[in-house]
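> Okay, so TrEMBL annotates it like this:
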- 42-170: domain 'CMP/dCMP-type deaminase' (DOMAIN)
- H94, C124, C127: Zn(2+) binding site (BINDING)
- E96: active site, proton donor (ACT_SITE)
Amino acid sequence: MFRTDIGLLASHLAAGEIVSDREIGWCLMASSFPENNSAVCSEDIALMRLAIVRAGEAAAMGEVPVGAVLVGREGDILAAAGNNCIQAHDPSGHAEMRALRQAAEKIGNYRLPGTTMVVTLEPCAMCAAALVHARVERVVFGAHDPKAGALVSKYRIGSDGLLNHCFVITGGVLGKECGQLLKNFFRSRR
């Protein structure tokens, strides 16, 4: 079991359970550094470009341009999706939710440990909670969302230690490009 919550780690240690240094390290990194921008790598940028393609596809369908890609531990793409709330008449049709559903179905388990979610916009509270529930290990996002961002902008879901799982957060990857997609979309609607 991969534990990434400081409170849970402390209780497991107090009970004499074995907890790996890796678990302690991930938990401390996730809780101490809510937005770890030094962790950006070329794979993050390449995956963000794929998420941007999915966001563009969503925009072409009249959806808010948000795209998400979920990758496994070895970098294998498990799912990629864009927003689909309007077309599907589904308030939970966010790109992150769709990618989580696709990956869970593909793997045959709702828990997705060792995965990384790459998304063009900082996740909202609904998506952040689903990422916690799915036990995603890391979230990489593009544009910050000052109105509804639930990872670093408005809330600290996934890094505040209040829930049963934490994940590492890397924000601002191709943030200007991701933000411009949204600005262009909403400008065309006004």
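Cβ from N, Cα, C; glycine included.
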> With DSSP assignments reduced to helix, strand and coil, which class does H94 (Zn(2+) binding site) get?
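It is coil.
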> Helix, strand or coil by DSSP: which one applies to C127 (Zn(2+) binding site)?
helix
> Count the Cβ atoms, other than its own, that fall within 10 Å of the Cβ of C124 (Zn(2+) binding site), considering every protein chain shown.
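By my count, 22.
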> About how far apart, in whole Å, are the alpha carbons (Cα) of the residue listed as 'active site, proton donor' and C127 (Zn(2+) binding site)?
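Between the alpha carbons of the residue listed as 'active site, proton donor' and C127 (Zn(2+) binding site) there are 6 Å.
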> Within the chain of H94 (Zn(2+) binding site), which residues six or more apart in sequence place their C-beta under 8 angstroms from its C-beta?
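Expected: V66, A68, N83, C85, P123, C124, M126, C127.
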> Taking E96, C127 as the recorded positions to compare, which has the smallest set of other Cβ atoms within 10 Å?
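Sparsest of the recorded positions E96, C127 by Cβ contacts within 10 Å: C127.
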> Report the residues of the chain - excluding H94, C124, C127 - with C-beta within 8 Å of the mean position of the site's C-beta atoms, for the recorded Zn(2+) site, in sequence order.
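Everything else in range on the chain: A95, E96, M97, P123, A125, M126, A128, A130, A150.
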> Which numbers of helix, strand and coil residues does DSSP report for the domain 'CMP/dCMP-type deaminase' (42-170)?
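Its residues fall into 45 helix, 26 strand, 58 coil.
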